[in-house]
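**Student:** Once you've had a glance at the structure underneath, I'll fire off some questions.
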Protein chains: 2
Amino acid sequence: MFKEYQQLRIPGPTPIAPEVQRAMERTILGHRSGEFSKIFAETIKKAKRIFQTEQDVLIVASSGTGALEMAVANVVEPGDKVLVVVTGVFGGRFAKIAKAYHAEVLTADFEFGTAADPNQIREILKQHPDIKAVFATHCETSTGVVNPIQELAHIVKETNAVFVVDSVSALVGMDLKFDEWGVDIAVTASHKALGLPPGLALIAVSQKAWRVIDENQGTRFYFDLRSYRDNAAKDTTPFTGPVSLVFGLSKSLDLIEEEGLEQGFKRHFLLRNMVRAAVTALGLELFVKNDRDASCTVTAIKGNDQLDPEKLRKVLREDYKIVAAGGQQHLKGQIFRIGHMGYTHPMDILTTISGLELALKQVGYPVELGAGVKAAQEVWANEKNLG
Amino acid sequence: MFKEYQQLRIPGPTPIAPEVQRAMERTILGHRSGEFSKIFAETIKKAKRIFQTEQDVLIVASSGTGALEMAVANVVEPGDKVLVVVTGVFGGRFAKIAKAYHAEVLTADFEFGTAADPNQIREILKQHPDIKAVFATHCETSTGVVNPIQELAHIVKETNAVFVVDSVSALVGMDLKFDEWGVDIAVTASHKALGLPPGLALIAVSQKAWRVIDENQGTRFYFDLRSYRDNAAKDTTPFTGPVSLVFGLSKSLDLIEEEGLEQGFKRHFLLRNMVRAAVTALGLELFVKNDRDASCTVTAIKGNDQLDPEKLRKVLREDYKIVAAGGQQHLKGQIFRIGHMGYTHPMDILTTISGLELALKQVGYPVELGAGVKAAQEVWANEKNLG
């Protein structure tokens, strides 16, 4: 009966709004048809608003990692010196991709669970004025850390380097003022806070970045941003575009517009605060201790001697129909993660917590049933001024 | 963003499983096509299993009330004496329909909120041996009462009367052994525990009933069961059948089979017990006091001087996305009702209760947040032997 019944509480893919699901079911169109071109052009116009930019936003058929590579491939030539801010697995992935493109990679490493320190980045940039690009992760999905992108952008802006931001699991869930902050490249993917299936990536590009990209002689073809820009000018894609995902994106952007970007940020902030309050009330330890460093889109929770996160996740999934994520790399078996982005209502968090409580009890962890739900309810009630 | 986001917790229509939704999206077929006839015949075969019968089960395009009328129209001729067991609005509806067919209608009325007393029915049948049919409601949707159908069937079986059961909001959620108990006509509708949109009704007919139906000279055309039986023998319907709903019914019956009827009854029993425990823990009063009389598919909860059910329902719906039902007729403004049938998981009840708690707080009712959730969790945990 309940084979497909589940709450998808991993940090992407995320639940899909019925309006978006139906939009994607629209009869497929040819990717070169005038009808699709019209939708494509309108969708790009709407997408600029979520990046808060007047500059170029391009659509590519790829996962989030493809979009990260797109950023690297267009900026980096072999031998270029770049700086990668590493606060977790996805910062590490930026470094890996840059190395695959034969860059000379400097990394600024921060302990997993804490955000990057802008002062350290400023220092490194001073010591290495020849750094061509700085890569940073907005929300580090592997730990639930949010990095201070505005401050980092401010620092990099004063140099010749371009500032590249992986906002895959952050955009729309947390603020990113592309133009105002002076970000040069920002990427996101469809299956995170945009609430679409995976397969579509968005990339915003500044004028400062285009100057580097246009001069870049490095190898690239599918991910060559110049061909996406040149084709976007003709309302089309260089290669076959992800037609149905564009239908869905168009609708998803409408829903986001309808809620309002600011209201959406507030909602994600509330979801985070509800999860953090509940988890704390249940006597569990948050992986990101400092509220300031805690992402509004994903929360990591520590296991301990009495709590095996992998056992807990299995019970959560099988008995309580809640799909949480585990830890990655050295955090595997150490933490579990709850995604709360995109088409996620505060009610969903109450459901998640009520299931988490029962799963904790089931794996033998001492828990007071209802205590986590109550804490989350109180956060919401306070926000609503219910007293 | 969340325009369509809701938990439909009224006693029908009910949530629809994604598998069923997709099944209904299958390309439409002609209702006289061989392809549809094959699906239709297989679906009827599967439908017999939910009535626990080897006798006839027929499909008609109508709402539940249409199916009630079908039962009346085929059994009652003008002037016939019938007995209607009335425990609420839907028992009353049976009486109304019988009157519309010019029957001489006796009613056995029981206080709303309590089940029918079989002894009284036995007495009336003794006093009126010329009663041609007894009409009873299995689950009285307006109050959440379940009537003792097995005992009533046993009593009516000893007479010449046919026993007609409205199992619209009960079948699949609670046991009905059509053959073993000796029910003569039982009807249900698609939008209750079967988890389909409204528009399809099912009617089971015994040999004893057919003898009455075949001799009945009363007026009827669309609802003439003889034409449904004769056409079912040729794997079709007399008039245009509800093709897409049959696709959905076929899948819904597969899901029910997969869970197992008995397991489904246990699940509905659990859902009821969770709701009743939670409501009591929150200091609210159940409309059906006796557990024995309480339906496993819908629960009615009383308002009071401090609690206006209509205000509560508005807040529940608007702020917490939970759609509950109000009271009907003289119970309007006195109670609210929570449906828990069909594609409803225990997790859904935890969600409902967590939202109910916040809504109670919001309308100013004194409530301890988390207390209802905890009570419902404990019922479930006990059932799972979590200690």
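Going from the start of the chain as shown, residues are counted 1 onward.
Using the three backbone atoms N, Cα and C, a Cβ is placed for every residue, glycine included.
Caution: TrEMBL annotation is automatic and unverified by curators.
Grabbed the feature section from TrEMBL, which reads as follows:
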{"type": "DOMAIN", "residues": "A:30-328", "note": "domain 'Aminotransferase class V'"}
{"type": "MOD_RES", "residues": "A:LYS192", "note": "N6-(pyridoxal phosphate)lysine"}
{"type": "BINDING", "residues": "A:ARG337", "note": "substrate binding site"}
**Student:** Express the predicted model's confidence over the domain 'Aminotransferase class V' (A:30-328) as a mean pLDDT, rounded to an integer.
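**Tutor:** That stretch averages a pLDDT of 98.
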**Student:** Long-range neighbours only, meaning 6 or more apart in sequence with Cβ under 8 Å: which ones does A:ARG337 (substrate binding site) have?
**Tutor:** A:ILE10, A:PRO11, A:THR141, A:GLY144, A:VAL298, A:THR299, A:ALA300, A:ILE301, A:ALA324, A:ALA325, A:GLY326, A:GLY327
**Student:** Which chain-mates of the residue listed as 'N6-(pyridoxal phosphate)lysine' that are at least 6 residues away have a CB under 8 A from its CB, listed by sequence?
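**Tutor:** Non-local contacts for the residue listed as 'N6-(pyridoxal phosphate)lysine': A:PRO11, A:GLY12, A:THR14, A:GLY64, A:VAL168, A:SER169, A:ALA170, A:LEU171, A:VAL172, A:GLY173, A:THR297, A:MET341, A:GLY342.
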**Student:** With H, G and I counted as helix, E and B as strand and the rest as coil, say where DSSP puts the residue listed as 'substrate binding site'.
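**Tutor:** Its secondary structure by DSSP: strand.
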